[in-house]
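Annotated features, as they stand in TrEMBL:
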TRANSMEM  20-41  transmembrane segment
TRANSMEM  53-73  transmembrane segment
TRANSMEM  85-107  transmembrane segment
TRANSMEM  119-137  transmembrane segment
TRANSMEM  157-176  transmembrane segment
TRANSMEM  324-344  transmembrane segment
TRANSMEM  356-382  transmembrane segment
TRANSMEM  394-414  transmembrane segment
TRANSMEM  426-445  transmembrane segment
Amino acid sequence: MNRYLAEFYKNDMKSNSEDLLSAILPLLKLLSLTVIGLFLAHPKTQIIPRATFKLLSKLVFALFLPCLIFTELGESITIDSIARWWFIPVNVLISTFVGCLLGLLVVIICRPPPEYKRFTIIMTAFGNTGNLCLAIVGSVCHTSNSPFGPHCHSRGVAYVSFAQWVAVILVYTLVYHMMEPPLQFYEVLEEGTEIEEQRPVNDISRPLLIEAEWPGIEEKETEHSKTPFIARIFNSISSRSTSTFPDIDINGDTSGSSPMSIRCLAEPRVVRKIRIVAEQTPIQHILQPPTIASLLAIIVGTVPQLKSYVFGYDAPLSFITDSLQIVAGAMVPSVMLILGGMLAEGPNDSKLGLRTTIGIIVARLLVLPLLGIGIVTLASMLDLLVADDAMYRFVLLLQYTTPSAILLGAIASLRSYAVREASALLFWQHLFALFSLSVYVVVYFKLLPAM
């Protein structure tokens, strides 16, 4: 009996050590790539200049990531799989909603400066569900003893890519308007003259994080992107005075007609203002190279005739997909090198406050993953998830575990709102995430067999 217990204990300890090793090794690989990027871009070494990292980020955005999404998602997706994967985009919405509640709680407890209340909620709610998740999945599946079975990498990339379109829509609609400069803290010199920081189009001093996930952002600036546009419009609903800001010409009529006659002949004032706000929403930016690659992959993957020509060993166009797969192999190391280059720049000065910064980090990286475990476990108990698919559950859990999306730094720069605060917060979040991700990935590896 004693010998049996000793053997069982020995086998159990061996199994635990193997599970721990299989969870830690992939993260150590990613950490090594990040350290290499940090060393290459560090101001004291400056082996590779910042401009090179910006060019690399453009390659990731326009070439490496689209190739990876198209080759993996297109081969894995079918009409049947779309019906089975429905909870992946829904989980993004749930994680964002729960993150907003946590952000609101951080605002109540930590009491950030009034002009940064919306910023606090945004940075807590919206995580990096794209590049970082792809890097983790790629590293986990690169090990020989991966617990996720055959076709681990293809399934993982397909699951992550299938969720990206929801995150992109949220960023370019909800986040874009929530990152609008607060009206009460917006400075003016005199009537009609606004304070604006002029930057050269190709400013080398622009922080790397601003272009890490949205290269060429300076080309997307519009007339109202750096102004409290929505606040001005809806503020004029209750008052027609032009106390601080002149009212925006939303009626499109400069003649001497009375306001009453215009309202009678035209559409209602509130409806017209909402329409103008919708027109100012940069929904066209959704069609970026990664999103286009996702759409093409879904179209080709769900049409059997097209799929047979593009994917498969004997497909007539298999040489093209093979070439794209070779290019896609550069995505994960490039993303981690860029992350290292971003960390090498160090944090900027921030007016957010230490207490609020710590509150956001704790809420995003420690509390939200715990809530995510509960949500995914409940969904599994209700049979809402794909049965016997550990990678499916792992991707769902990762959506609660990653730090704030680097794309938020680009939006902050585009809206000229809390740019330094976003830079500093993203730096500290990603630095702390190196440790929190390690802990939670080990926890997930332990919990997945029971889910």
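Keep in mind that glycine also has a Cβ here, set from the backbone N, Cα and C atoms.
Predicted automatically and left uncurated, TrEMBL annotations should be read as such.
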Residues sitting near the transmembrane segment (20-41): Cβ under 8 Å, six or more positions beyond its termini, same chain?
47-48, 50, 53, 135-136, 139-140, 142-143, 145-147, 208, 332-333, 336-341, 343-345, 434, 437-438, 441-442, 444-445
Count the Cβ pairs between the transmembrane segment (157-176) and the transmembrane segment (324-344) that lie under 8 angstroms and are 6 or more residues apart in sequence, then report whether there are at least 3.
no
Pairs of Cβ atoms less than 8 Å apart decide it: which stretch in 53-73, 85-107, 356-382, 394-414 has the most with the transmembrane segment (324-344)?
53-73
Candidates 53-73, 356-382, 394-414; stretch with most C-beta pairs under 8 Å toward the transmembrane segment (85-107)
356-382
